Structures are given as C-alpha cells and as structure tokens.
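Trainee: TrEMBL lists these features:
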- B:7-29: transmembrane segment (TRANSMEM)
- B:41-59: transmembrane segment (TRANSMEM)
- B:80-98: transmembrane segment (TRANSMEM)
- B:110-129: transmembrane segment (TRANSMEM)
- B:141-162: transmembrane segment (TRANSMEM)
- B:168-184: transmembrane segment (TRANSMEM)
- B:242-264: transmembrane segment (TRANSMEM)
- B:270-288: transmembrane segment (TRANSMEM)
Amino acid sequence: MTSLPSLPTPKKLGLVIDLDVCVGCHACVVNCKEWNTGGYGSALSDQDPYGADVSGAWLNRVHTFEVVPDGGEVVGEAGEARIVHFPKSCLHCEDAPCVTVCPTGASYKRAEDGIVLVDEEKCIGCGLCAWSCPYGAREMDLAAGVMKKCTLCIDRIYNETFEEADRQPACVRTCPANARHFGDLADPHSAVSIMVAERGGMDLMPEQGTRPVNKYLPPRKRKPLADSAQSLPSAENTDEAKGFFAWLDGMLDRI
Amino acid sequence: MHPAFSIIIFTTLSGLGYGLAAVLGLGLLDPAALATKLAHVLALLLVASGLLSSTLHLGNKQRAWRALSQWRSSWLSREGVMAIVAFVPLAWSAWLAVVESRYSPLPGLIGTALCLVTVYCTAMIYASLKAVQAWHTRLTPLCYLLFAGAGGFTLASFFAFAAQDRTVIIPLLAIFFILAAWSAKSRWRARMQAMVPLSTPESATGLGHIGRVRLLERPHVTENYLTHEMGFRIARKHAEKLWRLAVLAGGIVPAILLALLVLAGASGTFAALVAVVAVLFHYAGMFIERWLFFAEARHAVMNYYGG
C-alpha cells in the first residue's frame, strides 16, 4: 500500500549529518555500497565497472560545495569562502512523495519507525519515485531493474546477533570523523534530537514540503584567518623573555 | 529531464488515439461509412500501441500488472486503471460501428468521458511532481487535454472527408482545439520561463545563510542514473528553434490546411489527402512539443549536481 502512514510514526529513525565535521573522505559511501550490495534486496550493480564509462547504483553520495559569502571570491584567496563536504542519502521524509507516486505498492513507509523502503518483489522499475524525489535519493539498479535506496541498514540496526555498537547504519559506523549520527528523531531526549536542538539542525529544501526526518547540522561559524594571524607571537618581540634568555637578549642588544 | 523515446511515443500516440476515440464517441461521423469503421480500429490501435510502448522502459515488464493496484494514491496507477476501464466502452462502440454499422450514445459518451479522464490521469503523473517545477501546474493537464482534442478532431476530419461527409463542424472544431491548445501551451511555456526557481543550491544544501553555493565536485566523475535521467540539458537557441518548429508544424500548418478545406467547401478524396497532411504535420509538431516538455524541464535534484 503506497499511502503514507495515517498517523505520525511513533519512532522517526534517521540520520543527523554534521557538515562541520565531514572531511569528504567517502568512507561512508564505500561502506554503504559494500554492506548493501550483500544485504537487503538485490546486489548494487555497476555498469561497465572496469571501463572508461563506469556507473552504478549508490545509496549514499558525497558532494562538495564551495560557499562564497558576499564579497568573497575564490576559496582560500579572499573573504570567508569555504568548502563544505556534503553527504547525501535518503532523508526518510514524513511526507515522502516517492511513496505516494508508486503505482505498484512497492514503495512504502513503515508505520512503526518511519523507514522508507522498496519491496523489490513488487517494483516494476518505472522510475517515477526517483522523479518525484527532489533529493536524488533513489537510483535504479540497471541490472536488476528495480529501484534502490537507503534502507537505514535495516538489516543491521535490528540485528540482535550484532554487538550493540554495530547496530547502526554502515555509514554511521564507519565514519572516521564522527560526522554521521543515527537515532530516533521523534524522541526529544535522544542524542540526535539534542544535537539538532543545540546546533540548529536543518531540513534540506523545506520548500518542497517533504518534511525530511534526516537533519543536517550547519558548519560552525569560522574565525577569520586574519584574526588568528594577529595573535601569533612576533619573532621581533622579546618582552616576555625570562632568565637566561632575558640576559642573552640584553647582551646581544648591547653588542 | 531526459526525453525518453518510449515515453514521448506513448504520450503522443495515446493522446492522439484517445482524442480520436473521444470524437468518435460523440457520434459526429457516419457509423455506416467504411472510413468510420477504420477510424474506430485505428483509435483502438493507437491507444493500445501507446500503452504497450509505455511498458518498454520498465525494468521488470512482467510485473506491469501490479501497477493497477495503487489507484488510491498514484496517478500512474490511476492512468493504468482508467486506460483499461475506457477500453470497455471504446471496444463496445467500435463493435457497434464495425459490425452493426450504428452509433449508440450510451457507450459513445461514456467512452468519450473515460478517454478524457485517462488523458487527465496521464497529465497528472507529470503535474503532480513538485520536484519538476515546470510541470507542477494545472496548465499541464489542460494542455494535454486540449492537444488530445486537437489531434482527435484533426484525425477525425480526415476520416469524415474520406467518408464523403461534407462536414464543416469537425474541421472547425479541430481548428478551435488547435488554437486553444497552442495558446494554453504558450502560457505554460511563458510560466516556465518566468518562474523563480522554488529550490536553489542554497536551499538544497541549507548553506544559503553563509553565502552563494556552487558545486565544487560531483560525487563521482562519470555520469550516474540521476544525471542521466534528470540532468538532460538543451542549448537555449535550439530550444527556441524547436519551439517555433513545433508551433508551425503542430499548429499553424494544420490549422491553415483545415481552414482552406472548410472555406473551399471541399470533401472527398482530395480533401482527405490534404487532411492526412494536416494530421502528419500535427503529429510531428506534437512530437517536438513533447520532446521539449521533457528536455526543458529542470529537476530539483540538479541543484546538487550543478545543473
């Protein structure tokens, strides 16, 4: 059934991604592919994998943006321009347009925890859900002819044969910078909800009316480079020299 | 958006087929004439071939029947259901005309109504997508419906002339729908060109409070499903040229040809031949129009891909 759950889901499982911390290493991208090509549903195929025109289905991708404030020019040269690495996977929206457009009932949002999934046994590969998603969260698997998307590693997070620490999505578990966090965003006392409240976590494209569950933490305000440069001790300044160095400083001044 | 050949063929052929079937359902053509019988068969063939070609792009065609299940929420599912429901009165009307040489308003008018509903559902598949702002307007279903009427009446003019019918009303309605469709489409296109983008790289990344956002690096160097499907771009000068060609072939030429036939009071074989030329021009124009419908529409996801 591709109608959305009629009531708000009691849990809203999702990710919080810290744009201040992400270093753009793509470890989450690779571990996502590695886990999910052997996990839920069909394998994530690649086309022409060893050729010049390689492409394939990925559920998580890292884009890199340059943000230039007014008056800023090129990164590193002027103004406060900065580079932001931007991981993007399914946002498990509360008003997920990809669910309601599905003609077969393959695309659905779980009433218990809000995870948006594709039942690959029902998917006909029409691609309309990918068209309806403003975030580009869904990619067709061209070998299997079915739509693939982030499952929030549903085969990890509820897997009781795993150690507690491993019951997290692969991208979160592998992030070496701790830029990705997983939790229940419906619970105001969860670590992710507190993080969102403290850091001003935001929705992507709120104007699309999709009400994403995943939140992004904006980069922290950066201290201008020039300010840091002024506080460095100057090599010419010997006022703070003590003891032997003060004596040496005085002697050298005299000769 | 990538203009997939199968979808362009589907929407243009089925639009023409449903248009013709809707006109036939009004009972304006002589049901005893051979040309009218052929028109019924052609309408069913156009609709069926359009629907079949729409399954060509599916990843798993063998499960296409499942697409009939979600009519409560999905316009694509509704379209599939309505297409099948519409087949019943259309086949009934075709049987009456072909075998019994008569017209019955009951299946005829129900068929006309269901044809319009089906075309509306097709258009709503696109119009319901908020992520493609150019399509997300009530003008989209209006254009689809008017174009179906234009194609239907133009094609029906040919069959009326071929049946030695001295009709004036059918070609006049064709001219009316051609003019109405292209003026609606002009408004559609003016809206697209004037609209302020709903989503921008700034809103897509949430980084607008820092400054202007520009893509520095794509997630990987080659194309992917998203850029292939949603990232189609067309040079502006070509779009403008193609638009003029579409209006000329799909609107001006067939309207003038039909107007000349009406003014000359023509009918019979010569008039039918001229009407065929009008139909071919109209279809060529529709093909370009539909190609532009996809090629010119920008998807919100391109905010993440610098397109």
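Glycine residues also receive a Cβ, built from the backbone N, Cα and C atoms like all the rest.
Buried or exposed, and what's around them? Tell me for each listed feature.
Mentor: With a cut-off of 8 Å between Cβ atoms, the residues of this chain six or more beyond the transmembrane segment (B:7-29) that come close are 35-36, 39-40, 42-51, 53-54, 57, 83, 86, 89-90, 93, 97, 103, 105, 107-112, 115-116, 118-119, 122, 144, 147-153, 155-156, 159-160, 163, 165, 167, 169-170, 283, 286-287, 290-291, 294.
Tertiary neighbourhood of the transmembrane segment (B:141-162): same-chain residues 11, 15-16, 18-24, 28-29, 33, 35-36, 38-39, 42, 115-116, 119-120, 122-124, 127, 170-171, 173-174, 176-178, 180-181, 184-185, 188, 254, 258, 261, 266-269, 271-272, 275-276, 278-279, 282-283, 286, 289, selected by CB-CB distance under 8 Å and a gap of 6+ residues from either end.
The list of residues near the transmembrane segment (B:168-184) in space but at least 6 beyond its ends in sequence, with Cβ under 8 angstroms from a Cβ of it, reads 23, 28-29, 139, 142-143, 146-147, 149-150, 152-154, 156-157, 160, 247, 250-251, 254-255, 258-259, 261-262, 265, 275, 282.
Here the transmembrane segment (B:242-264) has Cβ contacts under 8 Å with residues 154, 157, 161, 168, 171-172, 174-175, 178-179, 181-182, 189, 271, 274-275, 277-279, 281-286, 288-289, 291-292 of the same chain, all six or more residues outside its ends.
Within the same chain, residues 8, 12, 15-16, 147, 150-151, 154-155, 157-158, 161-162, 171, 178, 242-243, 245-251, 253-254, 257-258, 260-261 sit at least 6 positions outside the transmembrane segment (B:270-288) and bring their C-beta atoms closer than 8 Å to a C-beta of that stretch.
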Trainee: Residues of the same chain, at least six outside the transmembrane segment (B:110-129), with any C-beta under 8 angstroms of its C-beta?
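Mentor: Non-local partners: 11, 14-15, 18-19, 21-26, 75-76, 78-79, 82-83, 85-86, 89-90, 92-93, 135-138, 140-141, 143-145, 148, 293.
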